[in-house]
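Here the structure comes first, spelled out in structure tokens, and everything after it is commentary.
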């Protein structure tokens, strides 16, 4: 949130001179107009993508959706009104429009900061408390937190901006100017800058550091776990074939149909290639799991009937409808079974941990991009706020204008961060821009043997 008034709206700084050259006016108007258009277009793409692509409807993306709403408000109203104010050199829309613009601008800006805090805390608890927090992490609870973030932003700024003049008994804002009346004192501006920018940034950076450390610890634990499963690594992947189970004492091979999974109730498992999962975005991966560490079906794409071991003769052939089993010997030259299931369990545990780690890294990458963009675009202006508290005339007017506009540019950059760090957003943006998205038609395209991927048909 912009915690001070811009140069043209500050009582301590003269407004933009009406005599600016036509080329300067044209350059400023075209540049800011393009930025506003890019901001509106990018954030509308986020909203439409969330609507048409069900894979994006994850809890984490609900926070991004709220952030996009705040950025859309800034791109639609704040950018254009501020540009008009700068180019005209005075506020010509009246006091009511001035107060409404400031209230909308500050509420949306503060909501952006609150949503960034929510995203940071959500990532932090998801990584540090995966079991207890994920059980409570529902869309309804996320919507409640988002609603509270907007409510707090509204309560903090809207009443004070709209009704301060009535509380003190007079309006002290100079004629032809538009700024927040109670922020005309530098010490108050300094306090709001500390509370609205520096404190949230400190909290977000601390949380991100904790997330980074926890993710690194998990990576080391996973490496140690994978290093201890030498029996499981020699047999290759177990995601595309069924093993026969030998007897407990190394007896001859069991007949077809008597495998280690025949004792379980029959069910159809959907196979997902592990390499393919690594290529999926964080949102789609999260939709494949119901809890922390739970891996989607990754064993076999077969339906095994229940077989009675006593009723089945050793020489009886399996029915035609039953799939053939593929025996894959271990290093010792015999099928995995009995004691061999223990390394297989470690292999599956390592795969689940790897899946969870990849997902968390993708989410952390999105968070880091958004946080970095926020710091880079908001820090210059808030540094100038601190400087002006102790030296009113030390900051040139042009720097004030650039710094204030740079805060708005953050709303332009955020959708780019989503696209760069999230494959689902990137692909959906591309299809929407090329007019190739049709959410009503889907087709199944096997990307690899043993895997099924659902993609939208691409037609305008």
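Even glycines carry a Cβ here, placed using N, Cα and C.
The topological domains that Swiss-Prot gives for residue 21 and residue 87 carry the same name, which places both on one side of the membrane.
Of the listed residues (138, 230), Swiss-Prot tags 230 with phosphothreonine; the rest carry no such note in the record, though that does not show they lack it. Record check of 12, 410 in Swiss-Prot: the feature N-linked glycosylation site is attached to 12. In Swiss-Prot, the region 'Disordered' annotation falls on 310-351 of the listed ranges 310-351, 352-393. Checking Swiss-Prot for transmembrane segment across the ranges 63-84, 239-260 points to 63-84. Residues of the same chain lying 6 or more positions beyond the ends of the transmembrane segment (367-390) and with a Cβ under 8 Å from any Cβ of it are 2-4, 12, 67, 112, 116, 119-120, 123, 186-187, 189-190, 193, 197-198, 201, 204-205, 208, 211, 399-400, 402-404, 406-407, 409-410, 413-414, 417, 420-421. Packing against the transmembrane segment (398-420) from elsewhere in the chain are residues 2, 6-8, 10, 13, 16, 32, 35, 38-39, 42-43, 45-46, 64, 67-68, 70-72, 74-75, 78-79, 82, 86, 109, 112, 366, 369-370, 373-374, 377-378, 380-381, 384, 426, 429: each is 6 or more residues past its ends and has a CB under 8 Å from a CB in it. In the topological domain 'Cytoplasmic' (49-62), the DSSP tally of helix, strand and coil residues is 11 helix, 0 strand, 3 coil. Within the same chain, residues 1, 3-5, 110, 113, 116-117, 120-121, 123-124, 364, 367-368, 371, 374-375, 378, 382, 385-386, 388-389, 392 sit at least 6 positions outside the transmembrane segment (186-209) and bring their C-beta atoms closer than 8 Å to a C-beta of that stretch. The helix, strand and coil residue counts that DSSP assigns across the topological domain 'Cytoplasmic' (122-142) are 18 helix, 0 strand, 3 coil.
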